[in-house]
Amino acid sequence: MSPSGLTTGDVSSAQRVFVLKPPGDRLVRANAANPDSSFDDKSIGDGEKMPRTFRSGIPSPQIQPQFRPDDYNLGTRLAYRLEELGVTDYFAVPGDFNLSLLDELLKNKSLRMVGCCNELNAGYAADGYARSSPGRVAVIVVTFMVGGLSLINAIAGAYSEGLRVVVISGCPPQMKLDPDQMIHHTLGTAEKDQSVQMFKEVTAASVRLTGHNPAQALDDAIERCVDTSRPVYIEIPDDLAQLPCDAPSSLSLHPPTLCKTPHTASIIDSIIGVWQAAKKPILLFGPNVRQTVAPDKLVALIDKLGCPACVQPDGKSLVPEDHPQVLGTFWCTASEPACEQAVLNSDLWFTVGGRWTDLHTFGAIDLRKESHRILDLQDGVVTMPNGGSFKGVPLNSLIEDLVESDIPSKDTPRPCITAVPATLNGSDDENSPLSLPIILRGIQTKVNSNSTIIADTGDSWFNAQLIKLPRGADFQMQMVYCSIGWSLPATLGYHVGRPDKRIILMIGDGSFQMTGQELSTMIRLRANPIIFIFNNLGYAVETAIHDGPYNYYSNWNYALFANSLCNTFHSVPADNPHFDNEMVESCSNPRMFSAQIKTTTDLLMALARAEREPEKLALLECCIKPHDISPAMRRFGKGFGEGRKDKGTNGEV
């Protein structure tokens with residue numbers, strides 16, 4: 001058998017080879033002679049050792065599966081593990097090398113297979129599911145190479161967000177992987193390990209199972225996904241899917257560490273010292289707390305400190321927006337001016353889980369110059385304004401200790417922030433062309449405590465920040481990787497994980513053209529999001545940064561496109577036991593409607609129907625002028641464009 005391609009030397013078929021990468025992005029390779037060592041002793045530079053669990057906070061539930069076959073094989077063991085992790089749905093695109101494995105997974109009736117149009121969309125759907133499902137673990141099953149490499153873009157995005165996604169790729173039988181075998185779905189070369197090598201860069205573990213103890217290798221990779229809160233990639237040769245194995249015991253997951261370290265008290269004292277010296281502090285919450293700190297603890301910290309609080313754009317919904325201390329979103333020059341000035345005029349930025357990229361700063365803030373007023377709390381690391389740092393304290397327990405400490409409250413003045421009007425009425429000319437402010441007022445009328453807003457890359461980001469969220473509402477975006485089109489399949493996955501929430505999707509026409517075919521899966525599953533397509537005839541965010549002929553493309557009739565995705569079946573094979581008759585019903589009698597909206601009246605009518613028919617998917621194509629973009633995006637385009645020309649203006653905390 002050929003080597004796995006994960007080490008430079010020869011690897012026998014009796015060995016398991018893992019490629020592990022900790023969050024510091026330093027590659028760690030397993031010792032081929034002792035592969036298990038890679039999970040327990042991982043150098044991350046400067047002599048430090050990375051503990052097996054580096055994420056603290058909110059654990060994944062472990063349940064007792066109902067699925068208990070008389071005899072286990074590798075496929076049914078995987079099915080057992082998924083149920084144990086709280087997974088109820090997995091996403092799949094079939095291919096000839098994963099069909100036997102899918103047969104085994106289907107034996108667990110507690111799991112539902114969600115077939116997607118393509119692997120990229122399935123990966124985005126898994127991303128959404130990992131954000132919303134109770135277990136916070138998503139699973140996707142694809143086929144070798146052509147499936148995996150179509151998927152890898154979505155997994156890179158999931159890695160950037162710290163999401164738990166288990167990628168299962170069916171690969172050729174072991175004997176077909178020999179160098180002298182020429183098979184399809186390869187590059188036509190002797191080596192057949194390219195997928196495993198590529199995925200090592202965007203996962204915490206990349207492994208191909210072999211005949212040597214594959215069940216344990218499978219468990220190790222799954223545990224790695226949960227413990228690190230990062231995706232993993234597992235190739236399962238077709239001839240191993242039905243390989244008999246022992247009945248599984250419980251996974252050895254490492255729950256978040258909540259105990260105090262010996263130097264916790266000194267950390268608290270240092271934080272209090274910095275806090276007491278500040279005259280106008282401000283709390284700033286970032287997205288890195290989503291996976292580590294429960295929302296009620298963040299509110300307790302706000303109440304304890306008493307100062308104004310803001311969120312970064314990808315931290316929206318982390319804290320209640322109606323809390324009297326919460327100002328809104330701080331996004332440099334794209335912020336509401338009052339919020340921007342409150343942060344810039346503060347002498348201490350008390351940041352919790354903050355994340356700073358060029359898209360967070362626009363080149364308007366040089367963090368190296370601001371570090372003297374930044375107190376940065378991350379999971380496992382606290383960085384002081386003087387540059388000193390403390391390591392090893394879980395953020396969850398640190399927040400608890402701060403709330404219980406004698407840190408004094410600082411009640412400083414808070415500016416008044418203007419929100420989007422909460423009503424849409426006939427004060428405007430109802431027959432006038434549709435405009436962006438009118439759309440946003442319409443969206444605001446539909447947001448309630450059961451809503452989730454998902455915003456795609458582009459002007460939807462900025463528009464979504466203007467929507468006032470009531471308590472209980474959620475917000476999701478993909479800000480670091482910012483792959484356009486992500487949001488539509490992610491909406492599918494989020495709905496599958498939390499069907500009780502009604503999603504409001506805000507997506508541009510260019511983004512929709514990337515992944516719009518997954519709308520058909522939503523219709524089939526009878527999902528009920530309200531989808532606002534902002535049809536402004538081009539890539540608006542790119543035009544704001546740097547305009548050119550490459551920012552324009554063909555205009556679609558998006559409302560008609562949606563209707564074309566739920567066509568009546570021209571033939572129903574009555575003698576096929578695998579044919580899904582419910583799918584026939586969903587497509588013949590779809591729970592959806594679409595509307596092309598050009599005036600305020602059109603919008604009022606469509607919103608009223610979405611209210612009357614909450615069980616239906618509503619696709620609202622909002623036709624607006626190309627120049628009708630948010631003021632925040634204009635400021636972003638100007639600042640970001642200038643920042644691109646002046647490289648090196650963005651430091652790191």
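Placement of Cβ uses the backbone N, Cα and C atoms for every residue, glycine included.
Automated prediction, rather than curation, is the source of TrEMBL annotations.
Taken from TrEMBL, the feature region 'Disordered' applies to 29-48.
The compositional bias 'Basic and acidic residues' annotation in TrEMBL covers 39-48.
Taking H, G and I as helix, E and B as strand and the rest as coil, DSSP gives the domain 'Thiamine pyrophosphate enzyme N-terminal TPP-binding' (73-184) the counts 51 helix, 24 strand, 37 coil. Residues annotated as domain 'Thiamine pyrophosphate enzyme N-terminal TPP-binding' in TrEMBL: 73-184.
The transmembrane segment annotation in TrEMBL covers 137-159. Using a Cβ-Cβ cut-off under 8 Å and counting only residues 6 or more beyond its ends in the same chain, the transmembrane segment (137-159) has close neighbours at 60, 82, 85-87, 90-98, 101-102, 105, 118-127, 129-130, 165-172, 185-187, 194-195, 198-199, 202-203, 225-226, 230-231, 233, 235, 478, 481, 483, 486, 493, 497.
Counting residue by residue with DSSP, the domain 'Thiamine pyrophosphate enzyme central' (276-366) contains 31 helix, 19 strand, 41 coil. The domain 'Thiamine pyrophosphate enzyme central' annotation in TrEMBL covers 276-366.
Summarising the annotation, TrEMBL assigns domain 'Thiamine pyrophosphate enzyme TPP-binding' to 463-544.
Asp509 (Mg(2+) binding site) falls within a helix when secondary structure is assigned with DSSP. Taking Cβ-Cβ distances under 8 Å and a sequence gap of 6 or more within the same chain, the neighbours of Asp509 (Mg(2+) binding site) are Ile533, Phe534, Asn535, Asn536, Leu537, Gly538, Asn555, Trp556, Tyr558. Residues or ranges marked as Mg(2+) binding site in TrEMBL: Asp509, Asn536, Gly538.
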Identify all same-chain residues not among Asp509, Asn536, Gly538 whose C-beta atom falls within 8 angstroms of the centroid of the Mg(2+) site's C-beta atoms; report them in sequence order. Gly508, Gly510, Phe534, Asn535, Leu537, Tyr539, Ala540, Pro626
Residue with minimal Cβ packing [other Cβ atoms within 10 Å] among the binding-site residues Asn536, Gly538: Gly538
Local confidence of the domain 'Thiamine pyrophosphate enzyme N-terminal TPP-binding' (73-184) - pLDDT mean: 97
